[in-house]
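A.B. asks: The structure under discussion is supplied below as structure tokens; questions concerning it will follow.
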Amino acid sequence: MSEKIYPVPTDIKKNALINEETYQKWYRESINDPEAFWAKHGQRIEWFKPYTKVKNTSFNGDVSIQWYEDGITNVAYNCIDRHLKNSGNHIALIWEGNNPYHDKKITYNELYEHVCRFANILKNHGVKKGDRVTIYLPMIPEAAYAMLACARIGAIHSVIFAGFSSEAIADRIVDCKSTFIITADQGLRGGKLIKLKNNIDHAIDIAARRGVHVNQVLVIRRTSGTIDWVKGRDFWYHEEISHAKTDCPAEMMNAEDPLFILYTSGSTGKPKGVLHTTAGYLVYVSMTHQYVFDYHPGEIYWCTADIGWISGHSYLIYGPLCNGATTLMFEGIPTFPDQGRFWEIVDKHKVNTLYTAPTAIRALMGAGNSFVEHSKRTSLRLLGTVGEPINPEAWKWFYHTVGDNRCPILDTWWQTETGGHMITPLPGATQLKAGSATHPFFGVQLQIIDGEGNVLEGEAEGNLCIIDSWPGQMRTLYNDHERFIETYFSTYKGKYFTGDGCKRDNDGYYWITGRIDDILNVSGHRLGTAEIESALVSHPAISEAAVVGYPHPIKGQGIYSFVTLMEGITPSEELYKDLIQHVKKEIGSIALLDKIQFTPQLPKTRSGKIMRRILRKIAENDFDNLGDISTLAEPQVVDDLIANRQNTEATA
């Protein structure tokens, strides 16, 4: 762990919304009297009917989480309408296309009109409050319009990352019984064309075989590429919008009405539908956006995340727009047309805050400094990281090379389930350590707990838990409250178990050490090992599969697969490549296998349980620390696995 302290820059401290003294005062208030603290900060959004109840939460028994439960509001109203009187002509959204020559700026007035038209299209097609709408779109302005249109009329959106396959889409459609889909003909991502409508057509067929029938598909024209068309089911957005009205009243939404479902990987292989509701989520993401990014009116803020992930929901769309900010949406990738794209965008749009993933930082760091040095980046004030812990080397490169030693780095730890930032520096309050997420946000009570359930004090390492609720917390797993309780509240009774390991140093700084369950964090995206194993075993040549993570210089964690073959099948380069393509087809390109090791047997206990601990060590090339292997049914299997390992680089 890095012990060098990076002080708060004087110019940041001078103008910051929160200094160290205010942080300490507010944090104490938020812990000592959360009811009063969140009653005050709940006023940051506008209410149609004010709340009288603030916090009604329990982590025990049936687990119930309610915030501002008798208040009535609307998320889209707060993100658009309330800004129109004073800021209607301010830029709400800057869109930077995949092509460097394509961009557009949308004011709050224009955003209002786009969202109302979109909402009226949904209503014209019978979509109503409580209906689930699947959104499978590239990073185009219509993706933001679609989300906000759902929020405006009270429909529950389920956004699916545009890299997911037909099978993964179908899983999500079936789970939430969505019958209305919004997609595009195709998507552009770097030099690749993504056949979105084609994927949706296949997903609809799969869902139908599983008993869920999609009735309507709204298609946005992005490339004008050739697509299949089902008359009576498929509708063109550009045709529908031409006769849609430009005004649509915001639905009266109870504070605890669902806002969206976002699916995240589960250790059983079945994706979990994380449910976020209306008011508490919006209070929390707008507050964290304002204070974590020290947002001042007029600044240009850029979160590089895709809308298919929680970062895109909370810190590209809802948090910034609720605060009346200018938020930048980028369709492309950081390395297209070359590795200077991020820095060109920063200069072109005079970006003040850049919030991106360690994966992107490592990839750009690997390209050398020349691309960075050819840009000015003088507009940058703050840098942020999200999605996974950032290693100190990448942190320092980001700080020194990109930020010219003057931009604080906001290393934020949080989850799809938490809704917003949980452990994070505040620019004007927090001295930094490279690789540490530093301190908890207001209202966040952390505990580090050992394997026996003992709470560890002072300098310690163990499992990270949160002992009380916060407004942005997920409320349940969609249609599976039992799994919600089992997943998050059964390991340590009365506490939210994050599934992450954590260290606290002697200065009280927190360091996230990574997942301690069977979830991989690949390029900041969570993938269940069970889901990948299921995909592998569905291949006719595969008898058994076990998947583990290993340190990857770019992606954080790589995907290492151990596979045993069916009788009569022999390993080959062709099969190796076929397995990679098969998993991509089953799950999506995000699940790109990095290493495949063919093995006659997997290490199993006498009861038949695969010893993943051993596989992890071998994948990490750390086989000197295998521990006790005497419980294996056939200990000699380990020697073969070590001899044929695919990763021969020692762990850091």
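From the backbone N, Cα and C atoms, a Cβ is placed for every residue, glycine too.
Fair warning: this is a prediction, and the values are worked out from it, not measured in the lab.
Here Swiss-Prot flags Arg189, Gly190, Gly191, Lys192, Ser311, Ser523, Lys584 as CoA binding site. The ATP binding site annotation in Swiss-Prot covers Gly387, Glu388, Pro389, Asp411, Thr412, Trp413, Trp414, Gln415, Thr416, Asp500, Arg515, Arg526. Annotation comment: Swiss-Prot describes Val537, His539, Ile542 as Mg(2+) binding site, evidence class sequence analysis. Annotation source Swiss-Prot lists N6-acetyllysine at Lys609.
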A.B. asks: Please name which of the binding-site residues listed here, Thr416, Arg515, His539, is nearest in space to Arg189 (CoA binding site), Cα against Cα.
C.D. replies: Thr416
A.B. asks: Under 8 Å Cβ to Cβ from Ile542 (Mg(2+) binding site), same chain, six or more residues apart: give me those in sequence order, or none if nothing qualifies.
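C.D. replies: When sequence neighbours closer than 6 are ignored, Ile542 (Mg(2+) binding site) has Leu536, Val563, Thr564, Leu565, Met566, Leu579 within Cβ distance under 8 Å.
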A.B. asks: Mind computing the max CA-CA distance among Arg189, Gly190, Gly191, Lys192, Ser311, Ser523, Lys584, which the record assigns to CoA binding, rounded to whole Å?
C.D. replies: 24
A.B. asks: Could you list the residues of the same chain, at least six apart in sequence, whose Cβ is under 8 A from the Cβ of Lys584 (CoA binding site)?
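C.D. replies: The list for Lys584 (CoA binding site) reads Ser165, Ala591, Leu592, given in order along the sequence.
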A.B. asks: What is the one among the binding-site residues Ser311, Thr416 whose Cβ has the most other Cβ atoms less than or equal to 10 Å away?
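C.D. replies: Checking each of Ser311, Thr416, the winner is Ser311.
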A.B. asks: Most Cβ neighbours within 10 Å: which of the binding-site residues Thr412, Ser523 is it?
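C.D. replies: Answer by Cβ density within 10 Å: Thr412.
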A.B. asks: Are any of Gly191, Lys192, Ser523, Val537, His539 (the binding-site residues) within 10 Å of Gly387 (ATP binding site) when you go C-alpha to C-alpha, and if so which?
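C.D. replies: Final answer, ordered: Ser523.
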A.B. asks: Starting from the Cβ centroid of Val537, His539, Ile542, the recorded Mg(2+) site, name every other residue in that chain with its Cβ within 8 Å, sequence order please.
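C.D. replies: So the additional residues around the site are Ala535, Leu536, Ser538, Pro540, Ala541, Ser543, Ala545, Val563, Leu579, His582.
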A.B. asks: Among the binding-site residues listed here, Lys192, His539, whose Cβ has the fewest other Cβ atoms inside 10 Å?
C.D. replies: Lys192
